[in-house]
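According to TrEMBL, the features are:
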type	residues	note
DOMAIN	18-203	domain 'Thiamine phosphate synthase/TenI'
BINDING	Q47, L48, R49, D50, K51, N83, S122, K152	4-amino-2-methyl-5-(diphosphooxymethyl)pyrimidine binding site
BINDING	D84, D103	Mg(2+) binding site
Amino acid sequence: MPQLDGDAIRRRLADARLYLCTDARGERGDLAEFADAALAGGVDIIQLRDKTNGVPLEAAQEIAALETLAEACERHDALLAVNDRADIALTLDADVLHLGQDDIPVSLARRILGDDVVIGRSTHSVEQATAAARELGVDYFCTGPCWPTPTKPGRHAPGLDLVRTTADAAPERPWFAIGGIDEQRLPDVLAAGARRVVVVRAITEADDPRVAAERLSATLASWTS
Ligand SMILES: Cc1ncc(COP(=O)(O)OP(=O)(O)O)c(N)n1
Ligand SMILES: Cc1ncsc1CCOP(=O)(O)O
Ligand SMILES: [Mg+2]
């Protein structure tokens with residue numbers, strides 16, 4: 001796929017409001033259709049995150065699923081995100097690499113990927129969010145979980161307090177709230193000060209992923225000045 005340069009990716013990141021993590025939909029076998037629906041509904045960034053029972057996909061399966069998502073991103077002018085694996089992000093010319101607190105250091109990912117990939121970081125406390133807002137090489141960060149979620153079992157949820165503290169600090173970098181967010185809870189997340197969110201089940205488990213994305217997207221847009 002034709003690669004955007006770092007400036008173009010960062011411009012799109014600045015405008016992004018709705019970020020979706022999806023599994024490869026192995027049993028349903030509808031990844032391309034699902035991605036088209038979610039992206040048509042307003043998802044700005046789509047990440048493959050397939051960790052059934054905590055076990056990631058084999059690299060070949062992950063690359064195949066990401067190639068499907070890359071084609072959908074091209075059809076909808078959306079950003080493609082890889083989770084955890086800088087080697088796979090490099091192989092696929094992905095736009096985004098997402099790293100958690102237990103993943104490889106951002107500095108190492110930057111050495112592998114250079115500057116034309118956006119790197120994001122997960123944070124779960126005020127200290128981690130403050131560090132991510134300043135850390136060299138980080139383009140965006142996520143705070144959460146806002147609510148305990150079966151999608152990330154065992155992760156303590158700092159709740160909306162972390163969203164409020166982060167919003168009060170007014171970081172210059174884009175940041176997203178994550179964890180347990182759905183259409184009903186989104187207004188509370190926005191009222192706490194977030195303007196960007198990451199969701200999984202709110203779209204992956206929706207009867208109509210396009211409608212689910214449209215509703216989230218419309219609510220996000222209505223809070224964006
Ligand atoms: C956009 C986004 N935010 C947070 C995460 C979680 O990352 P991490 O804490 O490394 O956990 P895993 O997803 O790797 O299990 C994410 N993947 N994407
Ligand atoms: C990957 C991840 N990291 C923190 S919460 C979470 C999962 C959020 O999933 P859902 O939107 O289904 O609660
Ligand atoms: Mg990770």
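Backbone N, Cα and C define each Cβ position, glycine as well.
Sequence features annotated in TrEMBL and their locations in the structure.
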residue : record                                                         : DSSP class
Q47     : 4-amino-2-methyl-5-(diphosphooxymethyl)pyrimidine binding site : strand
N83     : 4-amino-2-methyl-5-(diphosphooxymethyl)pyrimidine binding site : strand
D103    : Mg(2+) binding site                                            : coil
S122    : 4-amino-2-methyl-5-(diphosphooxymethyl)pyrimidine binding site : strand
K152    : 4-amino-2-methyl-5-(diphosphooxymethyl)pyrimidine binding site : coil
Local Cβ density at N83 (4-amino-2-methyl-5-(diphosphooxymethyl)pyrimidine binding site) - other Cβ atoms counted within 10 Å: 22
In sequence order, those binding-site residues of Q47, L48, D84, D103 whose CB lies under 6 Å from ligand 3: D84, D103
Inter-residue Cα distance where the pair is D84 (Mg(2+) binding site) and S122 (4-amino-2-methyl-5-(diphosphooxymethyl)pyrimidine binding site), in Å: 11
D84 (Mg(2+) binding site) and D50 (4-amino-2-methyl-5-(diphosphooxymethyl)pyrimidine binding site), distance between Cα atoms, whole Å: 11
Residues among the binding-site residues D50, K51, N83, K152 that border ligand 2 - Cβ under 6 angstroms, in sequence order: K152
Sparsest-packed among the binding-site residues, when each Cβ's other Cβ atoms within 10 Å are tallied, from R49, K51, K152: K51
Those binding-site residues in D50, N83, D103, S122 whose CB falls under 6 A of ligand 1, listed in sequence order: N83, D103, S122
Same-chain residues at least 6 apart in sequence whose Cβ lies under 8 Å from L48 (4-amino-2-methyl-5-(diphosphooxymethyl)pyrimidine binding site): C21, T22, D23, A24, E62, A65, L66, L69, A81, V82, N83
Chain-internal residues near D103 (Mg(2+) binding site), provided their CB is under 8 angstroms and they sit 6+ positions away: D84
Other CB atoms, at most 10 A from the CB of S122 (4-amino-2-methyl-5-(diphosphooxymethyl)pyrimidine binding site): 23
Nonlocal neighbours by CB distance (under 8 Å) for Q47 (4-amino-2-methyl-5-(diphosphooxymethyl)pyrimidine binding site), same chain, sequence gap 6 or more: Y19, L20, C21, T22, A81, V82, N83, V96, H98
